[in-house]
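> Could you have a look at this structure, given as structure tokens, before my questions?
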Amino acid sequence: MGCSGRLLGPVGGRRASLLLTMILFFTYFFYCLPGPCEPLPPALLLPPPAALPDGAAPTAAGDTAPALGGGSRRFPQAIIVGVKKGGTRALLEFLRVHPGVRAVGAEPHFFDRCYEKGLRWYRSLMPRTLEGQITMEKTPSYFVTKEAPRRIYNMSRDTKLIVVVRNPVTRAISDYTQTLSKNPTIPSFQDLAFKNISTGLIDTSWSAVRIGIYAKHLDNWLQYFPLSKFLFVSGERLVSDPAGEMGRVQDFLGLKRVVTDKHFYFNQTKGFPCLKKPEGSSKPRCLGKSKGRPHPKIEGQVVQRLQEFYRPFNMKFYQMTGQDFGWD
């Protein structure tokens, strides 16, 4: 019955049905699309491919999602998995200059924080790529996340893994500097780094210290991936010789060496290499203000004690990777 108490005729019924459909459609858009990690992109409003169960490896037919406008959304063939404050952002920005690389700008944090969203959601975050291009992402916290190696292996055991490492003492101080800039009231570096300063006992529960025990974290990854799937990039050489280190990265990814020394210049103010002005741009590309912050002064004895603490772990890491990073 209508508001007037009469049955709706054929035309009125069709209009009411159309109105109801429109109301439901807009209600869906406003209340159903947001998710806890990232808003889902418009591409997901198209009929989706068959869902992949979480933890299941994609099949040959399920690892790409055709998208309008050319190209497909693919799972990443290479991931920068670590480490925080090692130089991962610089590496990603340098790689994005290469025409054969397409990368997600923001850190997806899928394999550590958003895994419950599922592989289809993860793939929807990837940029469209053409045949022959490599899809990449970077989330440095993966390297220290216990579940990340197994989850990435279940997605694809052929994934190439890049780890940017840096002197763990310098890395810890840089980590602290970043936290201090966000929260100036935190305790001193010395108070956080030591359980007991008089005995020199290091607090390995503090994440800034724990991240730098690279050998321990690598042990976990080697349970799933052989060493041949890894490339360990020196954060120090990425600053002192970006073209040389980028040559190694491009070789590892099977790419032509397009990014060379002609792409870089050294910014004396920031103390970091920057990308020269791209064609059609008004200025060079340098990393943001959060990169290259001056570090707080740390007492020499604190630095020395941390160097002694890390030395055996560094030696083991050198042996495991077959590379001497020269931190000791």
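Quick reminder: no glycine exception, Cβ is built from N, Cα and C everywhere.
Relevant sequence annotations retrieved from TrEMBL are reproduced here:
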ACT_SITE  K85  active site, for sulfotransferase activity
BINDING   K85, G86, G87, T88, R89, R166, S174, K291, G292, R293, P294, H295  3'-phosphoadenylyl sulfate binding site
DISULFID  C274-C286  disulfide bond
DOMAIN    76-311  domain 'Sulfotransferase'
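What does the local environment look like for each feature on the list?
The 10 Å shell around the Cβ of K85 (active site, for sulfotransferase activity) contains 23 further Cβ atoms across the protein chains shown.
Around C274 (disulfide bond), a 10 Å sphere centred on its CB holds 20 further CB atoms from the protein chains shown.
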> Taking the Cβ of S174 (3'-phosphoadenylyl sulfate binding site) as the centre, count every other Cβ atom within 10 Å, in any protein chain shown.
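For S174 (3'-phosphoadenylyl sulfate binding site), the count of other Cβ atoms within 10 Å is 22.
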> Out of the recorded positions K85, C274, C286, give me the one sitting nearest to S174 (3'-phosphoadenylyl sulfate binding site) by CA distance.
K85
> Of all the recorded positions given, namely C274, C286, P294, which is spatially nearest to K85 (active site, for sulfotransferase activity) at the Cα level?
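Spatially nearest to K85 (active site, for sulfotransferase activity) by Cα position is P294.
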